[in-house]
Amino acid sequence: MDAVKNKNITIIGVPLHYGADRKGVDLGPDAIRGANLHERLQALGYSLEDLGDLNVRRSLQPPAPGEKLKYLGEIARVNQDLCETVSAEMGKGRFPLVLGGDHSIAIGTIKGVLQRVKRLGVIWFDAHSDVNTHLTTGSGNIHGMSLAAALGYGHPDLISIGGAGLKLQPENVVIIGARSIDPGEREFLKAKGIKVFTMHDIDRYGMKQVMEDAMDIVSNGTDGVHLSLDLDGMDPWDAPGVGTPVSGGMSYRESHFAMELLFERNLLVSAEFVEVNPMLDRHNKTAVAAVELIGSAFGERIL
Ligand SMILES: NC(=[NH2+])NCCC[C@H](N)C(=O)O
Ligand SMILES: [Mn+2]
Ligand SMILES: [Mn+2]
């Protein structure tokens, strides 16, 4: 089962903001749909189903001061739901395209894909590495912990989603575009041997080389690749509508080119586009960028 040859896509919206503890990113799925997502994919010959948005239970209590796992209950619940939905769609031979919502939803997406593809590669496109746990986080925001959780590290309520023991292997994961890594995360990445292509590497070697190396790593010994794309990986000039912007990111062209190269290698079995926050955006620019990157990843070309 592979992305580009799989012409059946299921779109799943996850209007979650609790992992970012900041309002607006819950409006991401509709902003992305509103930027003509369906039309663009249909024009490429894909057959779509859109399940709408998963239900997010509302919290009536603010987190306690200093809480290290803010909104854990709400986040774990929707991720369990997402995991089951992704797994069910893949079981029908469909390609899950998940729209965030904050990046904590990667836990549910990846766990669901892992139920179908045991040896899974992941490309994590992000300004951040999201490998904090409740023991290292400064913010307590779970969107900064999702990659660690998918690797099997963190709170039991997060790592047990989808079944105990279901996890990524560090050698099958690459991070691209990183430029903001916390001290605890740096240690984690080193200890686990996770390959990070920082902005420095993209400057030095160019996006073509970085993507080729990245795709070699994630496809080596795996049966499929998941793309987890945080829009804050792009430069805030091109994607201003994100909650945790970091200057000096991937340009519009670099990001597109990365998606085009991904399509050419035909590795993807699933993808998610997260952290679009329309309340912080200008003219829906970030949602439009998301749809354009999705278009390129699914085969759009200029000529
Ligand atoms: N998915 C994201 N935008 N993550 C940002 C994480 C920022 C910071 N490292 C934290 O743990 O809070
Ligand atoms: Mn990020
Ligand atoms: Mn992220």
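Every residue, even glycine, has its Cβ placed from backbone N, Cα and C.
TrEMBL has this to say about the protein:
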- HIS103, HIS128, ASP130, ASP230: Mn(2+) 1 binding site (BINDING)
- ASP126, ASP232: Mn(2+) 2 binding site (BINDING)
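For ASP232 (Mn(2+) 2 binding site), the count of additional Cβ atoms within 10 Å of its Cβ stands at 29 [all protein chains shown]. Other residues of the chain with a Cβ within 8 Å of the Cβ centroid of HIS103, HIS128, ASP130, ASP230, the Mn(2+) 1 site, are ALA106, TRP124, ASP126, ALA127, SER129, HIS143, GLY144, SER146, LEU147, SER228, ASP232, THR244, VAL274, GLU275. Spacing of HIS128 (Mn(2+) 1 binding site) relative to ASP232 (Mn(2+) 2 binding site) is 8 Å (Cα to Cα, whole number). Note: HIS103 (Mn(2+) 1 binding site) has non-local neighbours GLY19, ALA20, ASP126, ASP130, HIS143, GLY144, SER146, SER228, ASP230, VAL274, GLU275, i.e. same-chain residues 6+ apart with C-beta under 8 A of its own C-beta. ASP230 (Mn(2+) 1 binding site) carries a strand DSSP state (E or B).
In the three-state DSSP assignment, the secondary structure recorded for HIS103 (Mn(2+) 1 binding site) is helix. Cβ-based neighbour count (10 Å, all protein chains) for ASP130 (Mn(2+) 1 binding site) stands at 27. Other C-beta atoms found within 10 angstroms of the C-beta of HIS128 (Mn(2+) 1 binding site) number 25, with every protein chain shown included.
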